[in-house]
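Chemist: Under the heading heme binding site, Swiss-Prot lists S47, I48, Y132, Y136. Residues or ranges marked as compositional bias 'Low complexity' in Swiss-Prot: 161-175. Sequence annotations record features per position, and here Swiss-Prot assigns pentaglycyl murein peptidoglycan amidated threonine to T192 based on a curator's inference. Residues or ranges marked as motif 'NPQTN sorting signal' in Swiss-Prot: 189-193. Look at Swiss-Prot and you will find 1-28 tagged as signal peptide, backed by sequence analysis.
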Amino acid sequence: MKNILKVFNTTILALIIIIATFSNSANAADSGTLNYEVYKYNTNDTSIANDYFNKPAKYIKKNGKLYVQITVNHSHWITGMSIEGHKENIISKNTAKDERTSEFEVSKLNGKIDGKIDVYIDEKVNGKPFKYDHHYNITYKFNGPTDVAGANAPGKDDKNSASGSDKGSDGTTTGQSESNSSNKDKVENPQTNAGTPAYIYAIPVASLALLIAITLFVRKKSKGNVE
């Protein structure tokens, strides 16, 4: 009887370790970092805004949806951001470094994704007065994994991007649109491959079945010993 209980306890411990290991593996596969660049809208040319985005970004999959967490420097210059029509969800700020980290829902982690950015500057830059107020489209080029996908759909952004140039306080041009884009953003189709492997869900079921079988076996042996 003692040997049976020892085997039973060992089996239970092994099952717990196996389930914990595979759960951690599943979570690890659905989060990580990705490198990216910021392009002028609908081009392969690096945007002047690229330097204000810290790399790499972080990605995470929650409830079947994909999210990226992006950190910007010169945070007080960047008054608003959106990706695929999804407005930023600010998750942390560092006032001392003038940085903030924002989370966006996205349709994929690899390839081009369109976004919008609002910039307002009214201060001295390089010792000279500078005023800039502009809203324009940009394109993110994500270099993340292709095997992590979500059921995300592009959101709706009711803000139309501005075009043309802005005027400074002295009447001179201080900024220009990244691109003469149309009012409608182009969004590539989301990935359709599966996210979490099926075996991740099968392991707990198989473990439970094995546990039930062992329990019935121990009970049967116990009754036999009593009789």
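Backbone N, Cα and C atoms are what each Cβ position is placed from, and that goes for glycine too.
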Chemist: Would you mind giving the whole-number mean pLDDT across the motif 'NPQTN sorting signal' (189-193)?
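Modeler: So the average pLDDT across the motif 'NPQTN sorting signal' (189-193) works out to 34.
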Chemist: Can you check which residue among the binding-site residues Y132, Y136 has the largest number of Cβ atoms within 10 Å of its own?
Modeler: Y136
Chemist: Across all the protein chains here, work out how many other Cβ atoms are within 10 Å of the Cβ of I48 (heme binding site).
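Modeler: Other Cβ atoms found within 10 Å: 13.
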Chemist: Which value in Å gives the longest Cα to Cα span across the heme site residues S47, I48, Y132, Y136 as recorded?
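Modeler: Those residues reach a largest Cα separation of 16 Å.
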Chemist: Suppose we draw a 10 Å sphere around the Cβ of S47 (heme binding site). How many other Cβ atoms does it contain, all chains included?
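Modeler: Step by step: centre on the Cβ of S47 (heme binding site), count other Cβ atoms within 10 Å, giving 22.
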Chemist: For Y132 (heme binding site), what is the secondary structure state per DSSP, taken as helix, strand or coil?
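Modeler: Reduced to three states, the DSSP call for Y132 (heme binding site) is strand.
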